[in-house]
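J.: Copied straight from TrEMBL:
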DOMAIN    166-390  domain 'Major facilitator superfamily (MFS) profile'
SIGNAL    1-22  signal peptide
TRANSMEM  32-52  transmembrane segment
TRANSMEM  104-137  transmembrane segment
TRANSMEM  168-194  transmembrane segment
TRANSMEM  200-220  transmembrane segment
TRANSMEM  232-251  transmembrane segment
TRANSMEM  263-280  transmembrane segment
TRANSMEM  292-315  transmembrane segment
TRANSMEM  321-345  transmembrane segment
């Protein structure tokens, strides 16, 4: 019961915190300040967990720590997308370093916990947070709306979202994809561990396979979007989810079916890049933080919470194959249906920068911008640090 509560709290925070802090950043028009505050407070609260000795206090501290931690992912995505609008670059090529960090960090955290105790993992979190804070303060420029740019009321811009049926349908796809991804994240390791006769090597191989599979999909995401289009990439990734669910439903020897874990590159790497790219491009000016925060809330909050609660119940009472079967033959068909609807409704939004369209031509993806060509004013924004106004 206590473990279930502790696992649920991060999901709750992922639902409510990213849109709230993203909205605050949009309203005060200072995304970097909000990002710094969340990063510092998250590091301190996470580090303080090592000193908690009672369950009730642990619940409170864990909730607060995750409330500040969860928005940092969406704020970082917004920072990356905004910088790419200003200086050029490819989102997928930046995001792949997150996959590298996940693989390296997970390995060293496990080694550290086994060698000197899990308490030192909290020290590692604090140390890495300090490094991240230094990079954010020293190297990441702050952007704010240009006084000469087009101004719009925040709530009025946010209300425009409800008039975008393609975005609303996309959020349904995000939710269903979050449920499928949550089932894998929460139960795949346990399922394969039991299926392999408690072979711990399998878990490490799965993590390595999934991490490596993300890298080329992130790196070449711009080429893939340009070749097939973002809606089709989302549809292909959902199909990959279905293949994985069917494999898990009927798999008996996990080592034989291990190559299918390479599909993780599509179901996470390509899919997340596609979601982020489309949501950012379709966001009304001044609501990017809220929209990306909502993306995180729907996928990693609502989707993960549904998979944790319902998947855990089915796994315990009916077995893992029934759970995977529900994913394969109930959730997956719904995801395919709404992905097709989204493909029909999707449209090409103008680039966030008029200057970009003039120089490179219209494109449906930020990924077509060359990083060597730098532009200082785009989408009504002016860089505060380092780049003079044009």
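Backbone N, Cα and C define each Cβ position, glycine as well.
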J.: How about long-range neighbours of the transmembrane segment (292-315): same chain, 6 or more residues beyond its ends, C-beta under 8 Å?
T.: 4, 7-8, 11-23, 70-71, 73-75, 77-78, 81, 171, 174-183, 185-187, 275-276, 279-280, 283, 322-323, 326
J.: Please indicate, using numbers and ranges, the residues of the same chain that are 6 or more beyond the transmembrane segment (232-251) and have a C-beta under 8 Å from a C-beta there.
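T.: That would be 170, 173, 176-177, 180-181, 183-184, 188, 191, 195, 224-225, 257, 260, 263-264, 266-267, 270-271, 274-275, 278, 320-321, 324-325, 327-328, 331-332, 335-336, 339-340, 342-343.
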J.: So what's near the transmembrane segment (32-52) in sequence-distant terms, Cβ-Cβ under 8 Å and 6+ beyond its ends?
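T.: Cβ under 8 Å, 6 or more out: 21, 24-25, 58, 61-62, 64-65, 68-69, 71-72, 75-76, 79, 119, 122-123, 125-126, 129-130, 132-133, 136-137, 140, 142-143, 289.
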J.: Other than its close neighbours in sequence, what residues sit by the transmembrane segment (168-194), given a CB gap under 8 Å and a spacing of at least six beyond its ends?
T.: 161-162, 200, 202-203, 206, 234, 237-238, 241, 244-245, 248, 254, 267-268, 271, 275, 278-279, 294-295, 298-308, 311-312, 315, 320, 323-324, 327, 331-332, 334-335, 338-339, 341-342, 345-346
J.: Quickly jot the same-chain residues contacting the transmembrane segment (104-137) by Cβ under 8 Å, restricted to those at least six beyond its ends, or write none.
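T.: Distant Cβ neighbours of the transmembrane segment (104-137) are 32, 35-36, 39-40, 42-43, 46-47, 49-50, 207.
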